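Per TrEMBL, the features are as follows:
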- 12-32: transmembrane segment (TRANSMEM)
- 38-58: transmembrane segment (TRANSMEM)
- 84-104: transmembrane segment (TRANSMEM)
- 124-143: transmembrane segment (TRANSMEM)
- 125-232: domain 'CAAX prenyl protease 2/Lysostaphin resistance protein A-like' (DOMAIN)
- 155-171: transmembrane segment (TRANSMEM)
- 191-211: transmembrane segment (TRANSMEM)
- 240-259: transmembrane segment (TRANSMEM)
Amino acid sequence: MIPYYRYKPGVYFTATFIITYTLWFAGAYLSFQDDSGLYMLLMIPGLMAPFLVSLFMISTSKNSDLKKDFINRLINLRLIRPKVLLAFFIIMPLTVLVSIFLSLPFGGSTSQFQFAEGYSFSSGFVPAFLTLLLAATFEELGWRGYAFDSLQSRYTFFTASLIFGILWSLWHFPLIFVKDMYQYEIFHENIWYAVNFFVGVIPMGVIISWICIKNGKSVLAAILIHVSINFLQEALQMTQFAKCIETVVITAVAAIILASDKKMFFSKEHLDAERI
């Protein structure tokens, strides 16, 4: 966080939600009007909203340190701790494999361990893999560029992570109305699968926030993590029931991280420093 700069989380999240929701609900309507996929012309700008609002608030600020800090966290590779990232890239695939394994006694098929032949959603004229890549990039440029710091300037890391996870989850809400999007598909398969998606985003937000902090708040590290999560969820023939189990497993991982790093999660030192 930047000394002598007053973050505005209320302004940031209000603007981001208004822009995204307006564009995505309009895109949802258009997605049912024809098969040209032109609704993505509204979906992509809505996806970029977290970054665009972040960029606006940083660039219009009179605090030069805020601008320098954003650029540094975006391009400075020395902030990244390879061991922390390596641990993540080992643990997250394991959560998927463990979740599939735990689904077997409940009738889950071993075919879930096989690689998926395609993507579980469609995104108009934009290739699915590109949508996953753009989503991770533009989201984290905003979430880590300004959003999370704005929350942490007012709350402990634990509270900021929890609030962020909830807001991040709710930000996806319009997608359940967009034809052929992943959230739309699972909502129409079973409403509880959609509920599971929104619930699962919350502990994942806590995990990503923690890893980002451990990597010097590197925006690039956050993007790499988010990209890997997006593609990992599409890699295997994992059923939605197994993904419900995965939410429990991920929550357990988040709880373990919380218990092992309580000092950082509940420290108020940065809040005291802000008041000085």
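Glycine is no exception: its Cβ is also placed from the backbone N, Cα and C atoms.
Remember, predicted model here, so these are calculated numbers, not experimental data.
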Summary of DSSP states over the domain 'CAAX prenyl protease 2/Lysostaphin resistance protein A-like' (125-232), given as helix, strand and coil counts: 91 helix, 0 strand, 17 coil
For the transmembrane segment (38-58): best-contacting stretch of 12-32, 84-104, 240-259, by Cβ pairs under 8 Å: 12-32
Contact between the transmembrane segment (84-104) and the transmembrane segment (12-32) (3 or more Cβ pairs under 8 Å, separation 6+): no
Averaged pLDDT score, the domain 'CAAX prenyl protease 2/Lysostaphin resistance protein A-like' (125-232): 96
